[in-house]
Amino acid sequence: MARRHYAFTTLLVVAVAVACLSFTDAKLTVNYYKKTCPRMEKIISEAVTSKQLSNPTTAAGTLRVFFHDCFVSGCDASTFISSNHFNKAERDADINLSLPGDTFDLITRVKSTLELECPGIVSCSDILALATRDLISMVGGPFYTVRLGRKDSLTSTASSTDGHLPLANQTITEIIGVFQKNGFTVKELVALTGAHTIGFSHCKEYINRIHNYKHGGPNAFDPSMEPRYAKGLQAACAKWKEDPTIATFNDIMTPGKFDNLYFKNLERGLGLLATDQALFEDKRTKPIVQLYASNQTAFFNDFVYAMEKLSRFGVKTGRKGEVRRRCDAFNQIST
């Protein structure tokens with residue numbers, strides 16, 4: 001009887017968990033704004049195209065902001081809230097200080113246009129989700145379906161980022177733990193990390209790999225790096241202390257194109273961050289890296305699956321959120 005009761009309880013818990021997940025998904029639909037704001041996707045697409053053409057790093061920056069927003073408390077635009085005298089918001093957490101201003105500018109401009117077109121209808125979190133998808137597609141990545149109906153968060157605190165985002169100095173085991181805590185598999189981790197095929201990283205993120213590596217002297221670099229690549233990075237980052245904004249591309253081969261060369265680079269010792277190269281060194285992730293390096297279709301398919309899953313992670317619907325009038329402020333400020 002005890003075993004039967006335990007089995008029934010377990011099944012009940014699983015059923016409730018699945019039901020809750022389905023309930024959340026059921027509120028998100030592709031045609032959510034079809035009647036209330038029919039030109040919404042066209043407005044977003046036009047703004048995204050204009051911004052990417054004028055600033056080619058917008059795609060990478062927006063993808064990074066989207067990940068940082070979703071992985072902390074769900075895809076709810078909590079990263080867009082500005083701090084005030086009463087609250088230090090998520091955007092001002094140390095790990096978010098380097099998030100690109102271009103993305104915030106893009107989403108703010110789109111929101112302003114949509115507020116004129118259909119006031120109080122489209123959430124900032126939906127704008128970010130669609131803009132990210134469109135930008136990935138624009139630079140050669142896969143196009144995928146984005147279900148809509150997210151509400152914007154009612155809270156945003158800098159402390160909420162602690163332990164929820166992977167760090168450049170973490171081990172693969174630690175990073176796997178961060179992803180698994182949010183319900184993502186090792187394969188989904190590798191697929192999402194493939195976003196590093198576009199964008200750049202500041203020298204401070206990898207300086208320990210190219211200078212005085214393990215106290216081996218000023219020019220000592222990580223032996224897992226291709227020597228000419230390491231020396232090139234040393235030259236590029238020579239004045240990083242005087243100018244901390246100095247950065248280099250994550251993918252030196254096709255930095256502006258979303259493709260699988262990021263994974264091919266790892267096989268050649270051309271990973272920029274220690275965590276990038278570690279994906280090729282760790283037995284849990286190496287076979288996935290090799291698969292994606294040899295098969296771009298496999299990478300794109302898995303990336304789409306992981307992004308669709310990420311875009312639904314922790315979404316707020318109904319009374320659990322709101323549609324902000326401005327992306328950087330709650331509709332009502334609580335003190």
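Please read every residue number as a count from 1 along the shown chain.
Quick reminder: no glycine exception, Cβ is built from N, Cα and C everywhere.
Note that the coordinates shown come from a computational prediction; the quantities given were computed from them, not determined experimentally.
The following features are taken from TrEMBL:
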SIGNAL    1-26  signal peptide
DOMAIN    27-331  domain 'Plant heme peroxidase family profile'
DISULFID  Cys37-Cys118  disulfide bond
SITE      Arg64  site 'Transition state stabilizer'
ACT_SITE  His68  active site, proton acceptor
BINDING   Asp69, Val72, Gly74, Asp76, Ser78, Glu90  Ca(2+) 1 binding site
DISULFID  Cys70-Cys75  disulfide bond
DISULFID  Cys124-Cys327  disulfide bond
BINDING   Pro166  substrate binding site
BINDING   His196  heme b binding site
BINDING   Thr197, Asp251, Thr254, Asp259  Ca(2+) 2 binding site
DISULFID  Cys203-Cys237  disulfide bond
Neighbours of Asp76 (Ca(2+) 1 binding site) among recorded positions Cys70, Cys124, Thr197, Asp251 (C-alpha cutoff 10 angstroms), in sequence order, are Cys70, Cys124
Taking all residues of the domain 'Plant heme peroxidase family profile' (27-331) together, what is their mean pLDDT? 96
Say you check the Cα of Val72 (Ca(2+) 1 binding site) against those of the recorded positions Cys124, Pro166, Cys203, Cys237; which is nearest? Pro166
Setting Thr197, Asp251, Thr254, Asp259 aside, what same-chain residues sit with their Cβ within 8 Å of the center of the Cβ atoms that define the Ca(2+) 2 site, listed in sequence order? Ile198, Met253, Pro255, Lys257, Phe258, Asn260, Leu261, Tyr262
Cα within 10 Å of Asp69 (Ca(2+) 1 binding site) is the criterion; apply it to the recorded positions Cys118, Cys124, Pro166, Asp251 and give the hits in sequence order. none
For Ca(2+) 1, what surrounds Asp69, Val72, Gly74, Asp76, Ser78, Glu90 with a Cβ no more than 8 Å from their Cβ centroid? His68, Cys70, Ser73, Cys75, Ala77, Thr79, Ser153, Ser156, Ser160, Gly314
Need this for a regression test: recorded positions Cys37, Gly74, Ser78, Glu90, Cys203, Cys327, filtered to those with Cα within 10 Å of His196 (heme b binding site). What's left? none
